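Here the structure comes first, spelled out in structure tokens, and everything after it is commentary.
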């Protein structure tokens, strides 16, 4: 049986799909939100950079524990109990933090916020979830 459709390579060239980052295979195709390489089985997101916005401005995208994108003014919930120097209790899991600000913090602390009973602090996005 002979293939009468367009060549998969020509179709890929028309759609401008990138080659596989693992094996450089040209036969990549879209499957939902992922790109797939049938040669090696590698799956990846089209915007594999992930840390910049789609407009290419170079702004850092901050994601929470679950993977939701955070923005200034969001309300987040702490997902695990955090020890705080000088406090006997710490911040308990489930504490809601309102009106966060995203900053280029030190040592991965990219959220600036005010927590009742503790004051102003910086948190890591990996210990909060949006909501």
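Note: Cβ is positioned from N, Cα and C throughout, glycine not excepted.
Now, the feature entries from TrEMBL:
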- 16-45: domain 'Protein YjdM N-terminal' (DOMAIN)
- 62-130: domain 'Protein YjdM C-terminal' (DOMAIN)
> Across the domain 'Protein YjdM N-terminal' (16-45), what does the pLDDT come to on average, as a whole number?
Replying inline: 86
> How do the residues of the domain 'Protein YjdM C-terminal' (62-130) split into helix, strand and coil according to DSSP?
Replying inline: 3 helix, 24 strand, 42 coil
> Of the residues in the domain 'Protein YjdM N-terminal' (16-45), how many are helix, strand and coil by DSSP?
Replying inline: 0 helix, 8 strand, 22 coil
